[in-house]
Structure formats: structure tokens, C-alpha cells
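Enquirer: Annotations per TrEMBL:
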| type | residues | note |
| --- | --- | --- |
| ACT_SITE | A:12 | active site, nucleophile |
| BINDING | A:246, A:392, A:447, A:450 | [4Fe-4S] cluster binding site |
| BINDING | A:293, A:355, A:356 | Mg(2+) binding site |
| DOMAIN | A:12-230 | domain 'Glutamine amidotransferase type-2' |
């Protein structure tokens with residue numbers, strides 16, 4: 001159950017638009033629909049062809065933008081970002097888009113993903129006199145663009161990206177152009193849509209639905225797309241490798257109403273639940289899922305297993321930023337925060353509890369305990385992703401290997417640790433089948449690095465010990 | 001689909017506690033779990049046996065209480081309230097608990113429900129020299145208590161309640177006592193729990209689960225319960241009529257993890273869905289529910305009908321108080337706010353859309369349209385409550401009879417109005433069966449007034465034309 | 001130096017307007033100019049002839065009213081108030097105007113001053129069934145109005161005021177009328193002005209200047225003035241006693257640009273300084289005043305004595321509500337807050353330090369010490385009011401007799417206590433001369449109670465021990 | 001009357017501290033005392049020897065820092081800044097200190113003043129690949145430091161400053177060092193003090209008084225001072241030119257309790273008033289000054305002329321950021337905002353109105369009109385600085401030459417324009433005499449550029465047309 005209880009959302013969201021007079025307004029709604037991808041800060045930059053105007057703020061899109069902020073952002077093109085950040089990650093400085101102004105023009109840049117050679121590039125750039133204001137990878141790309149000797153922005157960007165390695169779904173804006181790019185493995189989702197004559201780009205397709213735009217296609221691995229007065233142009237800046245779409249986008253990260261590479265996320269999750277039921281059946285009275293991200297998988301499990309799906313837990317919708325935390329004493333007395341068991345549902349029942357993933361195992365243990373205290377006779381844990389045994393260097397915050405319970409414990413040890421009556425994970429093949437990317441054209445691979453340790457890119461020494469790295473875009 | 005899309009929650013929530021040194025803190029978490037019952041304001045009053053201390057604020061519990069506010073509320077007894085109010089309802093003045101200070105002692109009072117003879121009582125009281133600062137019914141009760149000639153607070157309260165008619169789950173606090181009371185029909189839920197040696201009272205049992213308290217029993221119709229140094233005492237101040245629990249608490253208002261009169265709300269809703277499937281079957285590809293309150297019923301329908309349940313719509317979690325509304329133009333262009341269809345799920349499908357209720361019909365029409373625009377081949381609307389044909393005078397904001405679509409349209413007219421391919425409501429018997437109160441002891445009736453017009457109390461002329469009535473507790 | 005350093009402003013401010021379509025806007029600016037009279041809360045109620053609309057908020061007028069709040073207050077008549085409150089005085093509940101709604105009409109009421117028999121009246125009213133929500137004296141008057149059997153509001157008010165004793169400058173508003181009244185001794189200032197065809201009433205005339213209104217006259221002791229569709233009418237509800245205008249309004253409380261009873265406050269203070277110089281001359285190098293309220297007196301002293309006036313201290317303008325207080329340790333290390341000495345001015349100089357009053361003496365001691373630490377060779381303290389030896393029961397917060405240093409210490413003891421090289425107070429005659437009310441018509445007395453103990457009204461037992469009194473209007 | 005009415009404060013304030021465990025707390029109070037130098041934003045960076053920690057915020061120091069922000073800034077050294085900015089100047093991005101992080105160390109930088117060759121330097125730096133995030137001059141200096149090949153930070157800074165021209169009082173902080181520097185003409189004030197064993201640096205000495213520190217000396221033109229573990233070291237990085245202290249610091253900008261180069265500002269102003277009285281006497285009844293900055297000069301004038309000083313105008317203390325502006329209509333009806341005349345003082349009087357300076361003349365005209373409307377018989381305007389005929393390029397916001405009334409109008413034209421009965425400016429010699437720098441050691445020149453057009457530095461073409469320049473530090 002990555003992200004849900006921990007309150008962490010491990011990535012960022014990008015939303016860009018070209019050719020609509022209400023670019024800022026639409027970006028606001030678009031970013032809003034990507035809010036689950038980052039709740040620490042939001043920013044929008046617009047171009048009115050002569051200048052870039054920017055507004056950024058901390059917190060939710062709602063908090064970062066107030067009545068009047070949007071009015072000030074007049075322009076026909078926009079680039080927006082919602083940001084995930086670890087604690088203490090430098091406040092507004094690290095908020096994106098980053099904006100760089102020169103005497104002649106300006107450049108705004110935002111991205112989702114994580115570079116693996118940023119540290120090395122920074123050292124080199126600093127040797128050449130560059131100075132950095134943020135700790136964001138994104139600033140490295142900006143410096144590389146600025147130092148490129150090519151005159152055309154497309155070529156500058158291509159030049160810059162040829163030097164970076166990692167995962168990125170990237171957008172760059174100047175007064176006259178909007179450019180977007182995907183890393184050669186296509187590790188992060190980025191889709192293109194149309195809204196009348198305007199172009200829209202978003203990390204997830206749910207942003208299209210919210211503003212009434214039509215889906216067009218995915219940005220391809222290694223592709224740079226340029227929007228300007230002459231419309232949209234595509235070029236490849238790198239030989240695309242086989243696509244390695246992040247599995248976790250399907251498993252728990254994206255919104256259920258998004259389609260990632262044309263596969264609906266809710267449907268994929270429900271199918272993961274069905275596969276899981278087929279692979280790991282159990283006799284039980286009810287199936288329940290950890291809200292919100294595991295509900296679809298739980299319903300799939302229930303359907304396949306022929307066991308009723310019930311609301312065994314409920315998530316508190318109102319636990320906001322200013323929520324006063326209970327003291328340790330009250331917490332021990334049983335004050336619950338984000339998740340409550342439904343005693344009337346689980347009492348005396350044999351419960352299948354479906355969760356999307358296990359990282360450190362602490363959350364699962366807490367939920368099992370909570371269900372048993374609420375009277376569950378048995379709790380059978382079913383996980384709709386394979387065991388996570390390796391850290392992710394591409395933007396998912398699964399921290400270091402030593403903290404991953406599946407990297408250090410056997411299945412039985414894990415079961416015991418969390419106090420479950422049984423525990424099963426879906427198999428890698430089951431997951432691939434469930435999501436169903438293989439059924440599509442050839443370029444449909446998934447990144448499985450966190451399950452297998454086979455990373456699609458090189459991994460650098462100091463990525464492995466990321467002592468001074470605080471921010472993933 | 002009462003309440004969900006409209007952003008209206010039609011009642012209030014009461015939470016009280018006796019005998020715990022962290023009374024204010026626990027009330028904060030308790031009120032938090034009742035947040036769905038009122039989002040316009042929150043207040044807590046505590047007693048340290050010598051004085052009452054109060055803090056109230058507008059908005060969510062989160063917003064109304066900040067770090068430090070709770071520390072200032074030292075005491076072993078507390079009385080809290082979350083409030084629903086119509087627009088313009090007077091701000092903090094109408095926020096509860098209301099507090100009345102005399103030279104010798106203080107009185108705090110809060111309630112959930114609506115009196116039907118408040119207007120007449122106010123006129124009489126004013127004739128006798130009383131002045132009113134709020135437009136709340138609650139203030140009437142306070143005046144009646146104050147004017148009672150009985151010396152004991154229990155008798156004063158009993159005296160006061162003998163004059164009022166309507167629905168109320170009420171709590172009163174003085175320096176030395178906490179009293180709670182139910183109207184003689186028991187129209188609103190109010191439960192008692194225990195937390196170690198302390199007593200807890202709440203509008204819904206979910207508040208017990210959140211703080212780790214154990215359910216004890218319901219407050220009975222016509223009962224006054226007093227908590228003081230001598231513990232808990234009960235007395236009847238009125239001959240209890242047969243209980244008439246509000247049906248809507250089960251249908252859509254309460255939280256699914258609450259038990260109302262020992263019946264779990266999720267389970268009741270799921271059973272309503274099953275009954276509905278049995279009463280109004282249809283050939284379809286998927287079943288979907290309007291989030292959040294209709295999900296349980298939709299799952300029940302799916303299970304009974306053997307049709308897969310899918311997430312056909314998604315509710316945006318982040319549409320807060322400060323959300324910038326789209327301009328009319330953008331709304332017409334298709335910018336969605338709180339609810340989005342899941343195109344990948346509904347496209348090309350025959351959809352059963354389960355909703356909990358229909359008031360004016362406009363929301364249902366909007367959802368049907370939205371689903372069809374997202375590609376649904378057919379949309380069959382199934383409503384898990386009977387047609388609402390009469391206004392509620394007891395606290396549910398279903399406005400006037402002329403606005404109730406079911407009061408003025410035939411079933412076929414309604415279906416056409418909302419553009420559905422078919423439309424069915426559960427029957428009254430189906431609803432009673434589904435909720436299952438009849439299977440319990442004899443005193444288990446439900447209020448069916450909004451479906452039948454048979455009101456359990458007298459209704460007064462000016463309740464029917466509530467021109468000057470703004471606030472229901 | 002009452003009020004200045006302590007951050008206390010001991011009274012309230014009233015501003016009312018009849019007959020201008022921008023009544024709320026103008027009240028905002030009017031209250032703003034009365035801000036020094038109360039910084040704890042502000043409120044405005046307007047009438048559009050059919051309804052009263054109210055907005056109140058805590059803090060400065062700036063904080064209590066935001067863009068949009070004024071727009072909502074449409075009406076041609078308004079009644080506003082800024083409020084002073086002691087710590088813990090109940091928040092918004094005690095903020096004025098208080099508003100009382102009955103089934104047939106509404107009543108708003110605000111006042112400046114303090115009743116001396118409020119406690120007794122409350123006891124009686126409670127015996128008759130009245131309940132109180134605030135601890136404000138003002139609520140007592142509202143109850144008395146409500147209980148009056150007279151049909152005309154003027155007579156109701158007159159009836160009510162015949163029962164209260166103390167100091168009050170009062171305003172009452174109904175849908176169709178604005179009424180103002182003065183206590184029979186005229187202890188608090190209240191002036192009438194005209195703005196085109198509209199009438200304005202304010203605690204100080206500076207409010208007229210700010211909105212461009214012309215001064216007309218004072219409200220007379222014992223007078224009730226009614227504004228309604230028929231214009232302005234006056235009647236006496238009590239035999240007026242000789243006027244006893246509060247001396248402290250001249251000495252330190254009012255704004256220097258106000259005229260109290262047609263005497264300019266700055267001029268009065270400068271004359272106090274001159275009298276003081278004549279009564280208590282001293283050889284010195286510079287004269288300085290404690291900002292802001294003692295500057296005028298200091299300039300007068302300097303002029304009369306022929307010693308240069310210098311800025312020996314400076315007041316920090318930016319110490320706001322959210323200012324982070326220095327820790328005790330830092331304070332001891334010398335971190336200054338509101339007042340700093342000007343070392344370059346006082347170093348090596350014999351300094352006459354003029355202050356407006358001495359209450360407890362602690363502030364004076366602190367200032368003398370500060371000046372000496374900044375290098376002053378001698379510090380001669382000159383006070384432009386006589387020694388305060390008795391508490392005020394009419395609204396000035398000079399606390400109990402035992403805390404008044406002049407009530408318990410000889411002049412020499414006081415001088416020693418504050419470490420001054422010499423200390424003199426103006427004489428009572430000198431003060432009366434300086435202010436100059438005697439030069440006017442016969443009805444020009446001043447209240448001297450705090451200097452002499454001769455109170456113009458009866459004083460009640462429990463006024464002397466105001467254990468349960470928290471709020472003065 | 002620069003700055004007062006316009007609400008503009010044209011410079012910035014710097015406060016730094018080395019060697020005190022409560023560095024952040026003390027910086028907060030220090031910045032607070034410099035608040036008049038910049039109200040748009042505030043920031044503090046501290047070093048704990050291992051890392052730099054920063055907090056910045058918009059608005060007053062009060063608003064930018066909340067309880068808890070200071071606690072997070074642990075360290076023994078600090079660098080703080082309050083910032084003045086023109087409208088739209090980019091928000092927090094331009095707030096100082098600017099912070100630059102490299103892989104090995106960090107750099108914070110803040111300054112007061114304005115570079116005249118920043119534009120050219122930016123163009124060169126961009127050609128070499130530098131990118132800029134702010135529009136602040138300060139960022140240019142940071143790039144120059146970063147690109148310097150010297151290993152020692154002192155030499156890097158010296159190297160960087162050798163390339164810039166203009167006015168700057170600068171502070172730079174790394175993990176291990178605090179460096180401060182003055183431009184070779186010493187155009188901006190910067191003083192050093194001691195607080196026990198700690199060193200303090202501030203734009204004005206009032207910051208020393210507030211925290212109880214002792215004044216030590218001025219930072220000399222062309223001096224770099226380094227504070228580190230080995231204490232304080234000084235070196236000259238440039239041949240110091242004769243000092244050219246900004247005249248306007250004395251005339252209106254600094255706080256009266258500050259000493260600029262050991263001359264007290266209040267005393268200097270009072271002397272300016274005396275000189276002015278001697279140079280331009282007039283028969284009149286009262287002297288008044290425009291608050292706050294012209295009060296001292298007015299008192300000086302009054303003293304010298306033997307005419308009584310009176311409070312002819314009053315400044316409203318409570319017009320804050322959120323003040324609701326009166327509509328144009330209300331303004332025309334006479335609603336006053338920041339300044340009110342004291343009718344009781346000026347009515348029928350011949351008034352000498354002393355102001356500190358005239359820029360565009362609009363404010364003076366408004367004040368003369370206001371005084372006449374309040375009944376002044378005559379208004380004689382006396383200005384305590386010479387006519388401003390040339391723009392300032394060093395940080396004082398007197399805008400372009402064409403807007404300076406004294407650059408385009410004769411004395412008589414100006415008098416007529418503002419409706420005064422007479423108008424006189426102090427002479428340049430009178431000003432030099434009044435301030436009295438000539439009486440000191442040889443290096444005591446003042447910058448007179450705005451009166452004479454003799455700029456102490458070269459002026460660059462695009463400084464003269466500062467189309468893209470928004471921010472002065």
C-alpha cells in the first residue's frame with residue numbers, strides 16, 4: 001500500500017497547453033486532476049508571446065492559487081507542475097516550473113522523473129562556473145540547455161538531453177515555443193491531447209477528461225515535440241530503446257480514470273485482483289481493499305473468487321495539512337487518523353485484505369492489527385504487485401534496499417511480522433498478464449526494476465548513496 | 001444522490017464526553033469523524049467543573065481549530081458540534097454550542113435536528129421579554145430551560161422539552177453536568193459509548209471507533225440522560241412514541257462505518273442495492289455507483305445481478321473551499337469539477353448507474369449526460385430509495401415540495417427528463433426490508449414522511465412556509 | 001504613560017451614520033480613524049430598511065473586514081464599533097454591535113463606557129428569565145429595551161436608560177431608526193456631524209475629518225437623538241447633571257486631531273505641557289516626550305521652558321499582533337521592543353522626560369532606566385496629569401487602587417522607585433487651566449474621580465470588586 | 001516628502017551577525033528595526049558551520065516569519081535582508097538573501113544598493129553560459145564570485161567586486177565565513193557593532209540599539225571584512241575613493257535614532273530645519289511637519305524661527321497591507337487615507353509646512369490643498385533638501401528625470417503648481433552645513449548627484465533606460 005497511508009506521493013505531475021486563450025485557467029483544472037501526483041507545491045507559467053509570467057505556491061493547487069492569481073497569468077500557452085517533495089526540501093525554491101531569465105529571453109522548465117547522473121553533471125557544471133539555487137535535477141537540464149551552442153531551442157534541448165540519464169517526462173517553455181520530451185525508455189507517462197485547436201500535454205489522461213480534451217497519443221521514448229506558431233512538430237533526439245513504462249503507475253500511482261498507454265488504470269487494477277484471486281485463492285467471508293488505491297483490485301479479487309466485496313475499512317477524507325496530530329498517549333489509546341475499520345462489517349468474518357504493494361511492511365502490519373482488533377476472525381493479505389526487492393532510482397520513493405521488507409525477509413517471515421493468517425503476492429507474470437501491455441504492439445515493455453533489480457539505465461555510484469539528493473521532479 | 005454533488009450535508013453532528021482529562025482533544029477527533037454531517041462550523045465547550053470554556057470557528061474542524069486552541073480547553077467534560085448551514089446563515093453567531101452565561105453559572109447547548117414549533121415558541125418568548133441573538137432553534141430551548149421554575153437541571157430540561165416539537169438529538173452542559181436527550185420519536189441517531197471509565201455520546205458510532213471507545217447503547221426516544229460526579233442516570237421525560245428513525249441516515253447521510261441502531265450503514269446500503277437488483281433487474285455490461293454514498297448500493301446491485309461492478313465515475317478529492325470555480329464559458333466547454341466519468345470503463349458499455357436518491361433530478365440528469373458523452377451505450381438509473389415526494393421538516397434539506405421532481409413528475413417523465421434508458425426506484429417495502437430494522441425488537445420503526453407525507457409530529461403553518469428560518473441544528 | 005507601552009487602550013469607539021448609500025464603506029474608514037480606541041475587534045451593522053446585516057471580526061478593522069465584506073453590507077444606515085477587551089474576554093461573542101433578532105424585527109446595539117450597576121441588573125433580569133450570551137454591559141441594556149412596555153423605540157430606550165447608571169455613549173439601530181444617547185453626566189465624548197444630507201455620529205471628531213464630514217455639535221448629557229425618515233429629533237430622557245467629561249480623553253486617550261467638546265486635543269496637551277513647565281521648571285539640556293501620546297505635552301513644555309525639544313525615544317511602528325516576542329534571556333540581554341532610546345540625542349544630556357500619566361509606575365521606571373543606559377546625565381520626569389489615586393469605574397482601565405503607585409507612595413518614594421533625578425506632576429488646577437474647559441459655557445465640568453475619588457455617580461459594592469466583570473464597552 | 005505618502009521605501013536593509021547562538025532570533029529583531037527600509041519581503045539565512053538554512057517570506061518581517069520559523073534556523077551566524085520592490089517584481093524569487101548551492105558548499109548573498117553595469121555584466125555572463133533566476137543585481141555578483149578562479153572566498157569576492165560598478169553594502173555567507181563589503185565610494189551606510197563577543201553588521205545603527213549591541217565603526221569604502229573562526233579581518237579590495245554618503249539617508253530615509261557615519265539622523269534633520277529657517281524665514285503662526293520623516297526638521301525650523309511647532313497633520317498608523325481602498329467616488333468626497341489635517345490646529349492660521357523633499361510635486365500639492373481646506377490662512381512650503389533635478393542610479397527610487405518637477409519647473413512655477421503661498425528649498429551649502437559631515441575628518445563627502453547631476457561613478461547607457469530592470473537590492 002504505497003503512498004496511501006504514508007501520505008507520500010512519489011512523483012510529480014506535468015500539464016502543458018498550447019494555443020488557448022484561457023491557458024492558465026485550464027492548467028489550474030488540469031493540475032487539480034493531477035493533484036494526487038504531488039501535494040507540496042504547484043506552479044504555472046504562461047507565455048503571452050512576449051513575456052513569461054509565473055505563479056508558484058506551496059501546498060495543494062487550491063492553496064497555491066487564489067482568486068486573482070490566474071487573472072494575472074494572461075497568455076495562450078502554459079506550463080504547469082505539481083510537486084512531491086520530501087520533508088525540508090527547500091520550500092518554494094524547489095517548486096517548479098523553474099524560471100530562468102536572460103537579458104534576451106526567458107526559459108521555464110518542469111519535469112516528472114529522476115535523473116541518475118545529476119550529481120556528476122552538477123560537479124562538471126560547477127567546475128565551469130555554473131551556480132545552482134535549487135537542489136532539483138531540473139536545474140541541471142536548464143544549465144545544459146543554456147550552455148548548448150546550438151541556436152535552435154529544439155537542438156539545445158536535444159543536446160542537453162543527450163547528456164542526462166534517467167527517467168523524465170519534461171516540458172520546456174520559451175516566449176515562443178513549448179517543447180516536451182520523453183526519456184529514451186519512456187519510463188514516465190506523458191500523453192498528448194487536443195482541445196479544439198489547442199494542444200494539451202499531461203502526465204495522465206484524467207487531466208484531458210477534466211477539461212474536455214480528446215486523447216491523441218503518447219509521447220514516444222526519445223521524442224521531442226515542439227509546439228509553436230507553426231503547430232506541432234516531432235523529432236527523435238535519441239534512438240528509442242524499448243519502452244519501459246513504470247509498473248507502479250498501474251499498480252497504485254495513477255488515477256483509476258486515467259489511461260496509461262491506452263490501458264485504463266482501474267481496469268488494469270481490477271484485472272490484477274482477478275489474477276491474484278486465481279493465483280492465491282483462499283476460503284473467506286468477505287474481501288476488502290485498502291482505500292483508495294486498492295479498491296479496484298479488491299473488487300476484481302472478489303468477483304473472481306465469488307466472495308462478497310465489503311467496505312472493511314474507511315478512509316477519512318478530511319485529514320488535511322492543518323490536522324492536529326494526536327499525542328502519543330492518545331494514539332496508544334486507539335485514536336485513529338486516516339483509516340478506520342468498519343467493525344459492523346468485519347466482526348467475526350474471515351477477511352481477504354487486498355493491498356497494492358508492500359514497501360516496509362509497517363502499514364500492512366498496522367492494518368492487519370486494526371482489522372483483528374475490530375473482530376476479524378482471520379485476515380488474509382493479498383498483494384496485487386510482486387515483492388519489491390530493489391530501490392527505484394526513477395522517481396518512486398521506495399527508499400533504500402535495507403528498508404524493503406521483501407528484500408530481507410522470506411514470505412513466511414513477512415506473514416508472521418504482519419500477523420496475517422496468510423500472505424500472497426501476485427507473480428511477475430501474473431502482473432504482466434493482468435495489466436495486459438503484452439497484448440499491444442511490440443513496444444510495450446514495463447520497467448520491472450524494483451521487482452528484479454534489472455535497471456534499464458546505468459546506475460551511478462552516488463545515486464546509490466543519495467546523501468545530498470532531496471528532490472525528485 | 002442527495003448531498004454528494006450539491007455539496008450539501010443536511011444535518012449536524014453532536015459529540016460529547018464525560019470524565020476524561022483529554023476531553024477537548026478527543027472531541028476534536030470525534031467531531032472530525034462526524035465532519036460529513038456539517039462543514040460550515042465547529043465548536044467545543046469544556047467544563048473544568050468551575051467554568052465552561054469555549055472555542056468555535058467557521059469551516060472544517062481542521063480550520064476551526066488550530067494548534068493551541070485545544071490546549072486552552074482544559075476540562076474533563078466536553079460538548080462538541082459540527083454544523084451545517086445554508087448560505088448566509090449568520091456566521092459564527094449561529095455556530096454551536098451556544099453558550100449562555102448568568103451571574104451564577106453557565107449553560108452550553110448543541111443539537112442536531114429541527115423543531116417544528118420554534119416559530120410559535122419564539123413569538124411567545126419574545127412577548128415575555130426574551131431576546132434572540134441567533135436564528136437557531138437551539139436558542140429557543142435555552143430560553144425555555146432558563147425560564148423553567150424547577151431547580152434541578154434535569155427537570156428544567158424536561159420542562160423545556162415538553163414544550164417543543166420536532167426532531168432533536170440534544171446535549172446540554174453546565175459546570176457540573178452533561179445532559180443529553182432524544183425527541184419522543186427518536187428521529188435522529190444518538191449513541192452512547194464508553195472509553196475506559198469515561199462516557200461518550202455521538203451522533204454516529206464512527207466517532208467511537210475513531211477514539212477507541214466501545215459502543216454501549218442508543219439513547220431512547222423521550223430519554224434524558226445525565227452525567228455528573230455520580231455517574232450516569234436515565235429518566236424518561238415523555239412517553240416515548242414508537243421510534244421513527246430517519247430513513248435517510250441509512251440511505252445516504254451517515255458514514256458507512258457507522259451503525260445506526262446497531263445496523264451497519266454500509267451493509268444496509270449494500271442490501272438496498274441487492275433488493276433493488278431483485279426488484280428492478282436489467283441487462284447490462286457494468287454496474288457503477290455515484291461516489292461516495294452510492295458505492296455500497298452499487299456493489300450490492302452488482303453482486304445480486306451478477307454484473308461486474310466498475311468504477312465508472314471518479315470523485316475529485318481536492319475540491320476544497322478555496323477552489324476557483326470555472327467560468328460559465330469553461331464549464332460549457334466541458335471543464336468538470338467534482339465528478340469525472342471514466343471513459344476507459346464506460347465507453348461502449350450498457351451501464352447501470354446506482355444512485356442513493358433523487359431530489360430535484362438535476363444532478364442525475366447531469367450524470368447521465370456525462371456518462372453518455374463518455375461513450376456509454378445505455379444508462380439505466382437505479383435509485384436505492386423510494387421517490388421523495390414530500391419535504392422533510394426534521395433536518396434533511398430537501399426543500400419545498402414544488403422542487404421535488406418525484407412530487408410533480410411521473411416515473412416516465414422523470415426518466416425522459418434525465419435522459420436515462422430506464423429508471424427504477426426501490427419500493428418502500430424493499431427499502432424497509434433492505435435496511436432490516438423490522439427484524440429487530442418491536443421499537444424499530446422508520447420515518448417515511450418524505451416518501452409518504454405521514455409526518456410523525458404535528459406540522460405547523462409556518463414550518464410549511466419557512467420564510468424566516470435559516471438554520472437547522 | 002497610560003496605554004502606550006502597555007498596549008492597552010481602555011475604551012471603545014462608536015461610529016454611526018444615517019442617510020448615505022455607502023454607509024458601510026464610510027463606517028469602515030470612520031472606525032479606522034477610531035482604531036486607537038479598540039484593537040480587539042470591530043463590527044458594522046447596516047440597515048437597508050427591511051433587514052439588518054452584520055459583519056464582525058477580531059483584531060484591527062483591517063483584519064476584521066476583507067474585500068467583499070463591505071459589499072455584503074448594503075444599506076443607508078450603519079452602526080459600527082471598535083472594541084477594547086482584556087485577555088480572555090470571550091472572543092467574537094463580546095464583539096459589538098450586539099445583534100438581537102425577534103420574529104418581527106431586529107435590534108443592534110453598541111456602546112462606549114461602563115455601567116456601574118450592571119451586575120445588579122443582570123441578577124434581576126435573570127430572575128425574570130433572561131439569558132445572557134456575552135459578558136458585556138451592552139447586553140443588559142438590550143434586555144431592558146426588550147422588556148420595556150412602551151411601543152416607541154425612543155421610549156423603550158429612555159425607559160431602559162432610566163434604570164442603568166454609569167458612563168455610556170450609546171447607539172441603537174433597528175430596521176427603520178438609529179438612536180444615540182449619552183449618560184446624564186456626559187462622561188464619554190460623542191459628537192454629531194453632517195456629510196451632505198447624511199448624519200454622522202462618532203466617539204471622536206477625527207472620524208468626521210477622515211470622511212470629509214462637518215462637525216455639528218456634541219450629544220448632550222441625558223439626550224436621546226433619533227434619526228429616521230423624518231430626519232433628526234432630540235429629546236431628554238433624564239435631567240442632565242453638570243457635564244463631567246473624562247479628563248483622560250484629553251490627557252492621553254483621544255487622537256490629537258480630535259476636538260473633544262470643541263477643544264482640540266493636541267492643543268490641550270501642549271497647554272498641559274506649558275502649565276507643567278511653569279509649575280515645575282528644571283534646568284536641563286533637552287526635553288523629550290514618550291511617543292505618541294506625550295509628544296504634544298513635551299513640545300509645550302519645551303516651548304515654555306525655552307529648552308530644545310528632541311526625539312529622545314522612538315516607537316517601533318511595526319510591532320504587530322504576530323510579532324514574535326523575545327525570550328526572557330534575550331530581553332535581559334537588552335532586546336528592545338516597542339520603544340528605543342536615541343543614544344545620539346540623549347548621551348551626556350540632562351533630559352526632561354514628559355509623560356502623560358503614571359498608573360503603576362513600572363513603565364516610567366523602565367523608560368528612566370533606558371534613558372540612563374543610553375547615556376542621559378540626568379532624567380527629570382514631568383507628568384502632564386495629576387497623580388492617579390483612585391480607580392476609574394467608567395471605562396478607563398486603571399485597575400484596582402492597590403496597584404496605583406500614587407495611591408500608596410509619596411512623591412519622593414515614587415521618584416526613588418523610578419530612579420528619576422526629579423519628579424513632578426501637574427496640579428489639578430493646572431490641568432483644568434491647561435485643558436481650558438472653564439473658559440467655555442457653564443456646563444463644562446470634567447470628571448476628576450481618578451485624582452480625587454469624587455465619583456459623579458453612585459458606586460455599587462460589586463463594581464468595587466469586579467470579580468466577574470470582563471468587558472467594558 | 002519622499003516615501004512617506006507614496007508608501008515607497010526605496011532601499012533595502014542588511015543585518016548580519018557572527019558568533020551568537022541565537023543568531024536567527026537577533027536577526028529577526030534587527031531586521032524589524034530596519035523594516036522602514038523594505039516592506040516587501042524578508043529573509044534570514046543561518047550557518048551552523050555545516051549547512052546553511054534559509055527562510056524567506058513576502059511582506060513585513062512579522063508576516064514573513066512565524067512562530068517556529070526561527071526555531072528551524074539554528075546556527076551561530078546569520079545574514080538577513082528586508083527588501084523593497086516595485087510592483088510585480090517577481091515575488092519570492094527576488095527576495096534576498098539569494099542562496100546558491102553547489103555539490104560541495106553553499107553561498108548566500110544579500111545587498112543594499114544598485115549596480116550601474118549589471119545589464120552589461122549579465123549579457124557577458126549569459127554568453128558564457130550562466131543562467132539567471134531572478135532579476136536582481138545580486139545574482140550577478142554571485143555568478144562573478146562563482147566564476148572567480150581564486151581559491152579563497154575573500155579573493156573571489158574581491159575579484160567579483162572589481163568588475164561591478166555602483167552602490168552596494170553587501171554581505172556574503174558560506175558555511176564557514178561571513179564577508180561584508182562596501183563599494184569604493186561608500187554610497188550606502190553599513191556599520192559594525194559588537195554584542196558581547198559577537199559581531200553585528202547593519203545598514204543602520206538603530207538595529208544595534210534594539211538588540212543591545214555597541215557601535216564599533218563604519219565599514220570603509222572599498223573594504224572587505226571577513227568574520228570566521230579566527231575573528232574579524234579587514235582588507236581593501238579597491239583604492240577607496242573619497243566617501244560619497246547618500247544625502248537622502250539623512251534627509252528622509254534612515255530612522256531618526258540611527259547614526260549615519262556617527263551623525264545622529266534626528267539631529268541632522270533638526271539642523272536642516274534650523275538652516276532652512278535661517279535661509280528662508282517667513283512670518284507665520286505655526287510650523288508643522290509632514291509626519292513622520294519631516295517632524296525633526298519642522299521642530300528645528302520652529303525653534304530657530306521662534307514660531308510654535310504644532311501638530312498640523314496626523315498620520316494614520318493602521319493603514320496596513322489589507323486596507324480596503326476607498327472608491328474613486330469616496331476619495332473625491334473627501335475620504336482621507338494616510339494623512340489627516342488637524343483642523344483645530346490649522347484653522348485660521350498662517351502655516352509653515354516643512355517637508356523633507358519634493359520629487360514629482362503631487363504629494364506636496366495634495367497636502368497644501370488639504371491644509372487650506374482645513375482652514376489654513378496661508379501655507380508656506382519649506383523643503384529641507386535642495387531641488388532634486390537628476391535621477392538616482394544608486395538605489396533611491398526617484399524615477400526618470402522627466403518626472404522630477406524641479407527638473408522641469410522654475411521655483412515660481414512649482415509654487416504655483418502646488419498652490420502654496422511661498423516655497424523655498426534649503427541650499428546645497430545649507431544642507432551640507434546642516435548635516436555637518438564637513439566638520440569631521442577629511443573623508444566625509446556626500447553624494448549630491450540628485451541635486452547636481454555629478455555622479456560619482458560612470459553611468460551606462462542602459463542604466464539610463466532601465467526598461468528591464470525591476471529590482472534594486
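Glycine is no exception: its Cβ is also placed from the backbone N, Cα and C atoms.
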Enquirer: Measuring Cα to Cα, tell me the gap between residue A:356 (Mg(2+) binding site) and residue A:246 ([4Fe-4S] cluster binding site) in whole angstrom.
Expert: 15
Enquirer: Cα-Cα separation of residue A:246 ([4Fe-4S] cluster binding site) and residue A:12 (active site, nucleophile), in Å?
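Expert: The separation of the Cα atoms works out to 14 Å.
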Enquirer: Rank aside, I only need the closest one: which of the recorded positions A:12, A:392, A:447, A:450 has its C-alpha nearest to that of residue A:355 (Mg(2+) binding site)?
Expert: A:450
Enquirer: Taking the Cβ of residue A:447 ([4Fe-4S] cluster binding site) as centre, how many other Cβ atoms lie within 10 Å?
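Expert: That number is 26.
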Enquirer: Work through the recorded positions one by one (A:12, A:246, A:392, A:450) and point out the residue whose CB has the fewest other CB atoms within 10 angstroms.
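Expert: Counting other Cβ atoms within 10 Å of each of the recorded positions A:12, A:246, A:392, A:450 gives the minimum at A:392.
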Enquirer: Between residue A:293 (Mg(2+) binding site) and residue A:450 ([4Fe-4S] cluster binding site), find the distance joining the two CA atoms and give it rounded to the nearest Å.
Expert: 19
Enquirer: List, in sequence order, the residues of the same chain other than A:246, A:392, A:447, A:450 whose Cβ lies within 8 Å of the centroid of the Cβ atoms of the recorded [4Fe-4S] cluster site.
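Expert: After dropping the recorded site residues, what remains is A:187, A:247, A:248, A:394, A:396, A:448, A:449.
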Enquirer: Let me check the 10 A CB neighbour count of residue A:355 (Mg(2+) binding site). How many other CB atoms are there?
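Expert: Total other Cβ atoms inside 10 Å, all chains included: 25.
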Enquirer: Check the Cα-Cα distances from the residue listed as 'active site, nucleophile' to the binding-site residues A:392, A:447, A:450 and tell me which is shortest.
Expert: A:392
Enquirer: According to DSSP, does residue A:392 ([4Fe-4S] cluster binding site) sit in a helix, a strand, or coil?
Expert: coil
Enquirer: Validating a neighbour-count step here. Other CB atoms within 10 A of the CB of residue A:293 (Mg(2+) binding site): how many?
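Expert: The answer is 25 other Cβ atoms.
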Enquirer: Averaged over the domain 'Glutamine amidotransferase type-2' (A:12-230), what pLDDT does the prediction give?
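Expert: Across the domain 'Glutamine amidotransferase type-2' (A:12-230), the average pLDDT comes out at 91.
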Enquirer: What does DSSP assign residue A:293 (Mg(2+) binding site), in three states?
Expert: coil
Enquirer: What number of additional C-beta atoms lies within 10 angstroms of the C-beta atom of residue A:356 (Mg(2+) binding site)?
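Expert: Residue A:356 (Mg(2+) binding site) is surrounded by 27 other Cβ atoms within 10 Å.
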Enquirer: If you run the three-state DSSP split on residue A:246 ([4Fe-4S] cluster binding site), which class comes out?
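Expert: For residue A:246 ([4Fe-4S] cluster binding site) - judged by DSSP and reduced to three states - the answer is strand.
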Enquirer: According to DSSP, which of helix, strand or coil covers residue A:450 ([4Fe-4S] cluster binding site)?
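Expert: Note: residue A:450 ([4Fe-4S] cluster binding site) is helical by DSSP.
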